[in-house]
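Please read the structure below before turning to the comments.
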Amino acid sequence: MEKLTILLLVAAILMSTQALNQEQRQQAKINLLSKKKPSAERWRRGCTWWFGRCAEDGECCSNSCDQTYCELYAFPSRAI
């Protein structure tokens, strides 16, 4: 009877350890997938909309500042 009790305790410990490891792996996957924030997240954090005043690219939701105003789309630079 004692051997059965010890065996059950060992089995319970092994199962709980396995469940804990599996939970940590799932959390790591969630963290990996949530690193890149969608553009909607950038709008909520306070970036400037199209045709709003800006000084640098990082201020605009489109990530494209044309010296004074945010552009709707990041156009390729033109060589003059």
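Keep in mind that glycine also has a Cβ here, set from the backbone N, Cα and C atoms.
Small disclaimer: the values here were computed from a predicted structure and weren't measured.
Residues annotated as signal peptide in Swiss-Prot, with sequence analysis given as evidence: 1-19.
The disulfide bond annotation in Swiss-Prot covers Cys47-Cys61 (among others). If you take the C-beta of Cys47 (disulfide bond) and look for same-chain residues 6 or more apart in sequence within under 8 angstroms, you find Glu59, Cys60, Cys61.
Take the CB of Cys65 (disulfide bond) and look out to 10 A: across all protein chains shown you find 20 other CB atoms. Annotation source Swiss-Prot lists disulfide bond at Cys54-Cys65 (among others), citing similarity to another entry.
Positions annotated as 4-carboxyglutamate by Swiss-Prot, on the basis of experimental evidence: Glu56 (among others). Long-range Cβ neighbours of Glu56 (4-carboxyglutamate) (same chain, at least 6 residues apart, Cβ-Cβ under 8 Å): Cys65. In the three-state DSSP reading, Glu56 (4-carboxyglutamate) counts as coil.
Positions annotated as 4-carboxyglutamate by Swiss-Prot: Glu59 (among others).
DSSP assigns Cys70 (disulfide bond) to a strand in the three-state reduction. Sequence annotations record features per position, and here Swiss-Prot assigns disulfide bond to Cys60-Cys70 (among others) based on similarity to another entry.
According to Swiss-Prot, the 4-carboxyglutamate annotation covers Glu71 (among others). Residue environment of Glu71 (4-carboxyglutamate) contains 16 other Cβ atoms, counted within 10 Å of its Cβ in all protein chains.
Residues or ranges marked as 4-hydroxyproline in Swiss-Prot: Pro76.
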Candidates Cys60, Cys61, Cys70: member of the disulfide-bonded residues with the richest Cβ shell (10 Å): Cys60
Cys54 (disulfide bond): tally of other CB atoms within 10 A of its CB: 20
Cα-to-Cα gap, Cys54 (disulfide bond) vs Glu71 (4-carboxyglutamate), nearest whole Å: 10
